[in-house]
Amino acid sequence: MLRRKPNKTPKNTSTVTVANSKRKKIKASEKFDMFPLAAIVMGVAVYVAPLTALFTSDFPHHKHTVLRMDEALLTVNNELETTGVVVSWVSERCYQCLYQTLGGVPAGSSPGQPSSRDFVVKTQHEMTLQLNSTPVNLELCKVSFHFGEHGNYSLWVKNDSSMVNCSIVTLADPVSSYIREITSKLLEFILLRLDAVKAFLFRMAGTMETERLINSELGSPGRIVASATDNILPSPHSPSKRLRSLDTFRGISLVIMVFVNYGGGQYWFFRHESWNGLTIADVVFPWFVFIMGTSIALSISSLLQAGSTRFSLLGKVVWRSIQLFVIGVFIINPNYCKGALSWDNLRIPGVLQRLAWSYLVVASLDLLVLILYLSIKYLTAQGMSSVYVLQDAWWSPETVWLFLTFLLPVPDCPTGYLGPGGIGDMGRYANCTGGAAGYIDRWLLGENHIYQHPSSQVIYATHTPYDPEGVLGSINSILMAFLGLQAGKIFLHYRGLHQSIMSRFLIWGLFLGIVSALMTKCSTDRGFIPVNKNLWSLSYVTTLGCFAYVLLVLIYYAVDVKKWWSGAPFYYPGLNSILVYVGHEVFEEYFPFRWQIANSQSHTEHLTQNLVATSCWVFISYLLYKKKIFWKI
């Protein structure tokens with residue numbers, strides 16, 4: 001219950017081969033490298049939950065105004081005696097958007113007696129308020145302001161000589177933003193190596209292992225084979241070692257993905273961007289696709305070294321892709337637990353479906369190009385690298401994407417349209433969400449079989465179904481997997497040469513960054529091809545590919561080269577990625593991953609719940625790791 005404070009004066013406002021001694025040292029340290037993530041967060045939850053009172057502000061609001069998360073109270077005071085005011089708003093993140101009407105305020109009754117009206121406004125982003133006169137629609141003033149959550153503000157409309165003056169004052173401060181600092185400190189605390197906690201949890205977990213060891217990765221584990229002159233042709237058997245950095249990279253992507261899918265504390269920066277641009281939630285899926293491509297390269301090379309034939313591997317690739325696609329369809333349509341799935345509203349695209357498609361195309365092309373490579377090698381004097389042959393095979397899919405995106409006629413929409421529709425582009429193309437990408441999905445799959453609540457609804461007020469995992473964007477996910485495949489080829493061709501590997505990763509990152517800068521003109525909305533997760537635009541892939549190469553360099557250097565970090569706790573979910581992803585989707589609504597919270601409008605309680613839920617999956621993956629249990633597809 002809100003209490004009124006005393007009045008305040010208003011104010012303006014995988015691994016490579018290493019020496020045996022180092023390997024033993026790593027193995028010994030790994031024994032006590034039990035991550036403290038789950039226990040720490042669960043313990044901290046007991047401490048954080050009472051802090052809700054600190055973040056649920058008791059600032060003065062009107063008696064009948066109940067504010068929810070990301071909302072503030074705005075009182076508009078109109079001192080104009082002869083003119084009523086209509087208040088409209090537009091978000092700063094809404095590019096070329098129509099103003100949305102907030103409401104009207106009648107003219108002041110007499111001098112010194114303004115009329116007033118309360119409005120609830122959103123606080124995620126800065127907004128521009130436009131005040132027009134009524135009944136004659138003339139713009140009186142505009143004011144931009146970033147409201148704070150649960151703050152109390154007053155907008156005064158006054159006559160100042162011959163012009164109207166609009167100003168905003170803060171009557172009560174918003175909720176403290178210290179929660180972001182607490183979040184960052186909590187994450188730092190989680191990553192600290194607390195030896196006492198680790199030793200305790202290690203004893204509790206025990207050392208019992210099962211005989212069951214199953215390979216869990218898309219494309220098999222990130223293994224690198226030592227000393228072979230040609231990674232395509234079989235070579236004598238040699239011991240293989242796993243690159244911990246790849247599993248760590250995969251685990252980082254997966255843990256963030258789980259946390260975001262569980263709600264991310266209901267903060268806007270842990271949600272997908274409404275249209276153009278990036279948030280934390282937008283980076284993890286492409287990184288997962290990237291590292292899948294890396295695993296494909298290492299896996300195929302390892303299996304060929306072990307004596308498998310390319311045609312047998314091709315059959316396994318097809319079967320694994322089918323399994324992934326079917327599992328994806330089931331978990332993305334949760335009503336399967338209530339009976340048979342209904343075709344009438346069955347969503348077809350999804351995350352695992354896109355992974356299955358990308359895996360099928362990339363792994364198949366890699367195998368087929370290897371066959372072509374061997375044929376060419378026996379016909380030429382010097383031979384050639386499969387990396388360069390493979391590069392030439394990827395321009396065809398991108399050509400198809402560019403052609404369909406910019407040249408396919410879309411009924412009642414401009415050709416080459418990349419916008420969100422709705423109120424964007426001044427409302428001229430309200431039903432054109434996604435342009436050709438949305439049109440192809442609706443034509444090929446039907447409106448009832450794609451995502452019904454796209455993120456563009458939040459800011460752009462769209463009402464057309466649009467699927468961010470649609471058909472056209474799947475072409476660019478292939479490119480993302482190919483970029484990861486190239487990283488795997490670099491690992492294979494320069495095995496053991498850390499400087500060569502890292503320099504080539506950085507060169508790839510620099511190249512992709514330059515391409516992204518040219519396509520986007522270094523802007524969010526004004527580029528030739530903006531960065532857009534919903535479209536999986538070409539610049540989105542090159543930008544996230546750039547980030548992926550740089551991040552992989554950092555993790556590889558810290559984990560596999562210098563061995564400063566074992567990769568824990570992210571290493572463990574990275575080893576069991578499919579199980580963790582499927583499990584977090586299936587058991588999302590069950591305890592201990594979700595429970596009835598006391599205040600559904602508290603970021604703190606949501607954040608605590610989501611951190612605990614994510615930590616549970618990290619802890620589960622650790623226990624499975626200790627027992628050598630990995631889910632195979």
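Glycine too: its Cβ is placed from the backbone N, Cα and C atoms.
TrEMBL entries are annotated by machine, without manual review.
Since this is a predicted model, take the numbers as computed values, not measurements.
If you look up TrEMBL, you'll see 242-363 marked as domain 'Heparan-alpha-glucosaminide N-acetyltransferase catalytic'.
Annotation comment: TrEMBL describes 34-55 (among others) as transmembrane segment.
Residues 69-70, 124-125, 179, 183, 279-281, 283-285, 287-288, 291, 551, 555, 567, 569-575, 577, 580-581, 584-585, 588, 593-594, 603-604, 606-607, 609-611, 613-614, 617-618 of the same chain lie 6 or more positions beyond the ends of the transmembrane segment (251-269) yet place their CB under 8 Å from a CB of it. If you look up TrEMBL, you'll see 251-269 (among others) marked as transmembrane segment.
The transmembrane segment annotation in TrEMBL covers 284-305 (among others).
Sequence-distant contacts of the transmembrane segment (317-336) (same chain, at least 6 residues past either end, Cβ-Cβ under 8 Å): 218, 342, 346-348, 350-353, 355-357, 359-360, 363-364, 367, 578, 582, 585-586, 633. Annotation comment: TrEMBL describes 317-336 (among others) as transmembrane segment.
Annotation comment: TrEMBL describes 356-376 (among others) as transmembrane segment.
Using a Cβ-Cβ cut-off under 8 Å and counting only residues 6 or more beyond its ends in the same chain, the transmembrane segment (501-519) has close neighbours at 483, 486-487, 490-491, 494, 527-529, 531, 538-539, 542-543, 545-547, 549-550, 552-553, 556-557, 561. If you look up TrEMBL, you'll see 501-519 (among others) marked as transmembrane segment.
According to TrEMBL, the transmembrane segment annotation covers 539-558 (among others). Here the transmembrane segment (539-558) has Cβ contacts under 8 Å with residues 243, 245, 248-249, 252, 278, 283, 286-287, 290-291, 294, 476-477, 479-480, 483-484, 487, 498, 501-502, 505-506, 508-510, 512-513, 515-516, 519-520, 527, 529-533, 564-565, 567 of the same chain, all six or more residues outside its ends.
For 570-587 (among others), the entry in TrEMBL reads transmembrane segment. Same-chain neighbours of the transmembrane segment (570-587): 35, 216-218, 221, 244, 246-252, 254-255, 257-258, 261-262, 288, 324, 327, 331-332, 351-352, 593, 613, 617-618, 620-622, 624-625, 629-631, 633, counting only residues six or more beyond its ends whose CB sits under 8 Å from a CB of the stretch.
Marked as transmembrane segment by TrEMBL: 607-625 (among others).
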